[in-house]
Amino acid sequence: MNDLYPALLLTLLAGLSTGIGSAMALVVKHTNTRFLTLALGFSAGVMLYVSFVELLPQSEETLLAGMPSQAAAWVATLAFFGGIFFIWAIDQLVPDVENPHEMSYIGRMEERVPDSMRLNRMGLFTAAAIAIHNFPEGMAVFFSALSNQNLGIVIATTIALHNIPEGMAIAVPIYFATKSRKKAFTYSFLSGLAEPLGAIVGFAILKPWLSPPVFGSVLAAVAGIMVYISLDELLPTAEEYGEHHLAISGLIAGMAVMALSLLLLA
């Protein structure tokens, strides 16, 4: 596994981008919501395109090394929806009021006069919620990078963009509750460490059985996880921050850039 350490490094960098989000929230008075809308839409486009055009076909190709073509198609399909169910089940563990993808206060908190204890609780629960979400995201980056390092770089970048507003979601309420930039940044930074931790745990569990059928199934599950993240988190959050058409423009641009990248790297 010569690609093990680069894959882990990519996962770590993607996770720690929550720290970038918290720094932006603490330094910049007003968040550029149009940029966030475009960036989140772009990330969704990249993840959707790469899931259907690259990961699923690669999953079936890997599965074919250990089973007939029809069986490979069935396993890839079941693993894809299994990945969707896995991330959906994790989402159900997080109450809506603490769910980082249901918040609309980022960049507008200074306009409110909220209760500091409630804000602090919200920030801490948001950090825990994001840490839970980061587990499967870390696995997605890690196993994609193990499969193809260039693909891993692309997915790590899109997950990193996705993590920036999540870092803001943690830092803003904690800062306004405690007036401590250090505490707000620390909680945000630590929540990002769940991504490499998720990668390590996932790899440790699957390593004894990491045959072509298992690896192919994991790739299909990763595709399912990324599709769910795109449709349930990235696009709704993008639209919450800005205009519908701007989010869709980012989505199409992300697909186009990913398509061009795959053609150039082929």
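Using the three backbone atoms N, Cα and C, a Cβ is placed for every residue, glycine included.
What Swiss-Prot lists as Fe(2+) binding site is ASN134, GLU137, ASN163, GLU166, GLU195, and the listing cites sequence analysis. Long-range Cβ proximity for GLU195 (Fe(2+) binding site), meaning a same-chain Cβ under 8 A and a gap of 6 or more residues, is found for THR11, LEU12, ALA14, GLY15, ASN134, PHE135, GLU137, GLY138, VAL141, ILE159. The secondary structure of GLU195 (Fe(2+) binding site), as reduced to three states from DSSP, is helical.
In the three-state DSSP reading, GLU137 (Fe(2+) binding site) counts as helix. For GLU137, HIS162, GLU166, the entry in Swiss-Prot reads Zn(2+) binding site, with the evidence type sequence analysis.
Residues or ranges marked as transmembrane segment by Swiss-Prot: 8-28 (among others). If one looks beyond the transmembrane segment (8-28) by at least 6 residues along the same chain, the residues whose Cβ comes under 8 Å of a Cβ in the stretch are 106-107, 130, 134, 137-138, 141-142, 145, 152-153, 156-157, 159-161, 163-172, 175, 181, 184-185, 188-189, 191-196, 198-200.
Away from its own ends, the transmembrane segment (35-55) comes close to residues 144, 148, 151, 154-155, 157-159, 161-162, 164-165, 219-220, 222-224, 226-227, 229-231, 234-235, 237-239, 241-243, 246-259, 262 of its chain (Cβ-Cβ under 8 Å, at least six residues beyond either end). According to Swiss-Prot, the transmembrane segment annotation covers 35-55 (among others), on the basis of sequence analysis.
The transmembrane segment feature in Swiss-Prot is assigned to 70-90 (among others); the stated evidence is sequence analysis.
Residues or ranges marked as transmembrane segment by Swiss-Prot: 123-143 (among others).
Annotation comment: Swiss-Prot describes 152-172 (among others) as transmembrane segment.
Among the features that Swiss-Prot reports, transmembrane segment is placed at 185-205 (among others), with the record citing sequence analysis.
Residues or ranges marked as transmembrane segment by Swiss-Prot on the basis of sequence analysis: 209-229 (among others). Same-chain residues lying 6+ beyond the ends of the transmembrane segment (209-229) with a Cβ under 8 Å from its Cβ atoms: 47-48, 50-52, 55-56, 58-63, 65-67, 72, 75-77, 79-88, 136-137, 139-140, 143-144, 146-147, 155, 162.
Under the heading transmembrane segment, Swiss-Prot lists 246-266 (among others), citing sequence analysis as support. Away from its own ends, the transmembrane segment (246-266) comes close to residues 34, 37-50, 53-54, 150, 154, 158, 235, 238-239 of its chain (Cβ-Cβ under 8 Å, at least six residues beyond either end).
Within the chain, the transmembrane segment (70-90) has long-range Cβ neighbours (under 8 A, six or more residues past its boundaries) at 56, 59-60, 63-64, 132-133, 135-136, 213, 216-225, 227-229, 232. Around GLU137 (Fe(2+) binding site), a 10 Å sphere centred on its CB holds 29 further CB atoms from the protein chains shown. The Fe(2+) site is set by ASN134, GLU137, ASN163, GLU166, GLU195; from the centre of their CB atoms, other residues of the chain with a CB within 8 Å are ALA14, GLY15, SER17, THR18, ILE130, HIS133, GLY138, ILE159, HIS162, SER191, GLY192, ALA194.
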